[in-house]
Amino acid sequence: MSLEEIIPVQVEVEPTDLPDEDFMTNPSLAMDACFTAFDKDGDDRLSLNEFTLICRALFRNDKGHIYVVPSDRLEQMFAVFDKNEDGYIDREEFQFCWNQWIKTIVRPISAFLIVDVQNDFISGSLNISNCSAQQNGLEVIEPINKLLDTVDFDAAFYSLDWHPSDHVSFIDNIKQRPIHPTSPLNADNAQVYDTVIFAGPPPMKQRLWPRHCVQDSWGSELHKDLKVVEHGVKVYKGTNPEVDSYSVFWDNKKLSDTTLCGQLRLKGSTDIYVCGLAYDVCVGATAIDALSAGYRTILIDDCCRGVDLNDIESTKQTVISSNGVIVSSREVKAMVEGRDRRPELGYKLAMELKNSESDLSKNNACRRQSQQQAQQQQQQPSQ
């Protein structure tokens with residue numbers, strides 16, 4: 001592995017000084033070579049200007065286009081790695097920058113999260129084409145399948161709404177629970193898609209939906225045309241009759257999480273690609289929770305369909321303002337392979353590295369430990 005493969009940019013290092021086998025047996029050589037290459041004045045430390053050159057090398061696409069990083073963001077990222085706040089990144093500080101930031105940007109661990117591509121949302125009781133946006137849920141299947149066929153994700157997850165028959169969100173169950181006096185609507189005049197307030201305790205806002213995705217029903221099944229990969233993991237949500245669950249991470253009240261959190265930690269995931277149904281409900285809630293948990297989050301626009309056009313736009317703005325990115329499916333392969341590296345995701349990662357308790361920081365620590373163990377095993381003499 002050459003330095004140009006790690007950060008593809010012309011640097012003042014002769015390739016013959018960096019033999020491939022040394023990178024395999026001594027990864028620190030690559031880190032030292034990178035530091036030296038960008039230490040333009042040779043003072044054994046990196047200034048903000050020299051760090052900016054690293055960012056120009058990092059943040060570019062597979063066509064060589066360099067993404068512009070605003071100066072204030074450059075300064076904020078630089079400050080994360082300038083731990084002693086002396087205005088420079090020394091070699092010891094750069095080790096953290098290299099292992100936790102640069103290596104993740106160049107070699108991300110990517111999870112593909114396909115949300116609720118189920119019969120009821122496509123042609124059943126909650127067919128989203130009958131909602132105000134009039135979008136066809138069936139249209140997400142072809143681009144999702146193409147990604148599954150052509151992109152080497154590190155993990156694939158399929159979420160399923162999996163409701164008991166007495167679920168709180170079903171409009172035909174509205175009289176099973178008392179309505180709070182502050183609710184704008186009561187059990188007699190509320191209609192599908194309205195929001196009521198149940199008495200609780202505590203009082204709880206609830207949007208009302210047609211009965212859908214009842215456990216073990218045809219409507220709850222993944223659509224027959226959706227490709228399910230061999231090692232794909234199914235995640236079930238909305239199983240508590242008293243609490244709705246839009247996000248694949250948590251129920252709406254954050255009372256309990258699903259198996260997704262643990263699975264992502266186990267795999268050391270850094271990047272989550274989110275798509276499916278419905279854009280402005282479960283897909284959006286999942287993307288926002290992924291960002292809140294600290295993951296570099298990518299929303300795949302043409303692999304989503306939604307309920308309400310205004311809510312879809314609001315979802316997009318929330319994702320973007322939280323340092324997520326929205327892309328088309330044709331851009332995904334280069335991003336997963338580390339050839340298209342977005343500055344928004346690099347900034348997101350740097351800000352998360354300030355918080356050692358974030359899921360992404362914990363995943364990076366697990367990833368680093370696994371790599372160290374693998375390297376130690378390779379270095380042990382064979383018996």
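Cβ coordinates come from backbone N, Cα and C, glycine included.
Automated prediction, rather than curation, is the source of TrEMBL annotations.
Feature annotation from TrEMBL assigns compositional bias 'Low complexity' to 369-383. The feature domain 'EF-hand' is assigned by TrEMBL to 26-61, 69-104. If you look up TrEMBL, you'll see 358-383 marked as region 'Disordered'.
Across the range of the domain 'EF-hand' (26-61), the DSSP-based residue counts are 22 helix, 2 strand, 12 coil. Under DSSP, the residues of the domain 'EF-hand' (69-104) split into helix, strand and coil as follows: 25 helix, 1 strand, 10 coil.
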